[in-house]
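Taken straight from TrEMBL:
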DOMAIN    27-483  domain 'Amidase'
ACT_SITE  K79  active site, charge relay system
ACT_SITE  S160  active site, charge relay system
ACT_SITE  S184  active site, acyl-ester intermediate
Amino acid sequence: MRRHLQWSIKQLTASYSDGQLSPRRVTEEALQDALRWKTLNAFVRLTPEQAAKQAQESEQRYKQGQPTSDIDGVTIAIKDNFCTKDVHTTCASRMLQDFVPPYDATVCSRLKQAGAVVLGKTNMDQFAMGAGTVDSLYGPTKNIWSEDFDKDRWRIAGGSSGGSASAVAAGLCYAAIGSDTGGSTRNPASYCGVVGLKPTYGLVSRHGLIPLVNSMDVPGIFARSVSDCVAVLNTVAGQDQLDSTTIRKPFTRLNLPEVGQIDLSTVRIGIPKEYHCHGLSAEVLETWSKVADLLECSGASVRQVSLPNTASSIFVYSILNQCEVASNMARYDGIEYGHRASNERSTEQLYALSRAEGFNEVVKTRILTGNFLLLKKNYDHYFEKALRVRRLIAEDFAKVFDSSAQEERVDILLTPTTLTEAPLYKDFASLTNRDQCAVQDFCTQPANMAGIPAVSIPIRLSRAGLPLSLQLMSNSLNEQLLLTVARWIEAQVEFDSLEHTQEYKASL
């Protein structure tokens with residue numbers, strides 16, 4: 001295993017500055033490793049020429065003693081639903097198979113301006129509709145922690161950003177960008193044993209992110225440590241004139257204290273009783289209890305809280321998701337861009353065939369369901385009622401974070417990220433897409449509906465040798481405290497995200 005993969009981004013860039021390593025060498029090795037681990041199917045497209053040019057430019061800056069930022073020369077991967085100039089952006093679909101954007105998404109342009117080296121585009125569920133990265137035009141992504149990669153005995157990487165999570169977990173890059181609509185960053189981060197951050201809605205620009213659910217989509221960040229997540233967040237966050245939903249308040253760069261300086265005595269931790277739900281595995285529950293005890297023994301105040309509308313959240317999320325999908329997918333008609341059917345006997349037939357050929361069954365089902373829910377006779381009963389319950393879900397979070405009674409207020413919520421360890425593909429594939437998402441997104445989607453920040457951090461290995469993770473949530477724009485507590489937990493559990501590699505196991 002490459003020794004530098006054990007380093008943080010800060011250590012890596014320090015080695016660039018002192019000449020111990022070079023961005024060009026690290027990039028070349030990363031591209032070699034991406035090809036060597038092709039069986040994972042983490043990348044749908046590598047960009048070696050672009051990456052080599054970016055690495056060479058970064059190397060020159062370090063030689064001159066003028067690095068652009070804290071992530072100059074750091075290898076990063078981008079999920080295939082972020083527009084990348086002159087590089088195919090397909091959403092893992094036939095509909096956009098030949099789409100080459102003429103511009104960069106704001107997240108991508110800010111990474112490039114900071115000197116990051118973009119290795120390529122990562123795999124995903126088609127149009128980000130899924131929880132396993134198994135519904136892709138390019139085939140499924142496999143979890144690096146799988147006991148066996150043959151046939152259907154491998155573990156899923158989670159979704160819909162499974163390619164990004166798998167790439168970071170395998171050591172193919174130091175960080176990756178995903179999107180998070182109902183847990184699509186935290187879910188695969190949990191299964192792959194890496195850190196997955198969903199920032200506050202509006203903190204990071206959605207410009208250039210091909211939309212799934214506009215009111216919930218958030219660019220997410222994968223890394224192997226909390227501090228690496230912060231380095232990337234500091235680069236991409238902040239107001240964007242091209243996205244009216246970004247927060248206008250100037251972004252203050254996060255600066256986490258050293259672990260030894262973190263004082264938990266004033267931190268109030270809430271344990272939502274509703275997250276102890278049907279399907280929660282005994283090992284996840286045990287992990288949850290142990291970390292809660294660890295926090296309490298270290299001075300934090302830990303108590304049970306209630307989020308009473310949690311049970312309704314997965315139904316509300318499903319309704320709103322499908323309604324917004326029906327609206328967003330209407331733009332793909334085969335006329336302006338995207339797949340165009342060869343049969344052009346009539347405009348109506350061209351529309352129908354282009355969409356029939358360009359979308360998979362999952363996308364078609366959500367479009368049909370969404371349009372049904374938006375019919376005049378159903379609008380009030382489903383869509384409007386779901387919006388009302390969404391407001392109640394957001395108010396549940398507001399009550400625990402901003403309660404007028406000081407003794408009832410908490411700063412952080414501690415919950416499971418996923419209910420179990422990464423399932424086998426054959427077990428996951430036996431469920432419908434709707435049932436998969438209902439199970440996999442139960443703990444993660446409420447944060448999207450409330451627009452609050454959340455992070456998934458790996459804690460330990462299960463008895464089967466698979467990562468088990470927990471989720472932290474906090475109030476809007478409270479990333480500083482959220483990630484400080486996450487960093488403290490990370491330091492206590494000392495989880496090694498690279499323990500899966502055969503080379504590493506052989507060296508023990």
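Residue numbers in this text run from 1 along the chain shown.
Placement of Cβ uses the backbone N, Cα and C atoms for every residue, glycine included.
Bear in mind that TrEMBL entries carry predicted annotations, made automatically and left uncurated.
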In the structure shown, with every protein chain counted, which of the active-site residues S160, S184 has the densest set of Cβ atoms within 10 angstroms of its Cβ? S184
Where S160 (active site, charge relay system) and the residue listed as 'active site, acyl-ester intermediate' are concerned, what is their Cα separation in Å, rounded? 5
Expressed in Å to no decimal places, the gap between the Cα atoms of S184 (active site, acyl-ester intermediate) and K79 (active site, charge relay system) is 11
Under 8 Å by Cβ from K79 (active site, charge relay system), counting only residues of that chain that are 6 or more apart: K121, T122, M124, S161, G163, S164, A176, I177, G178, S179
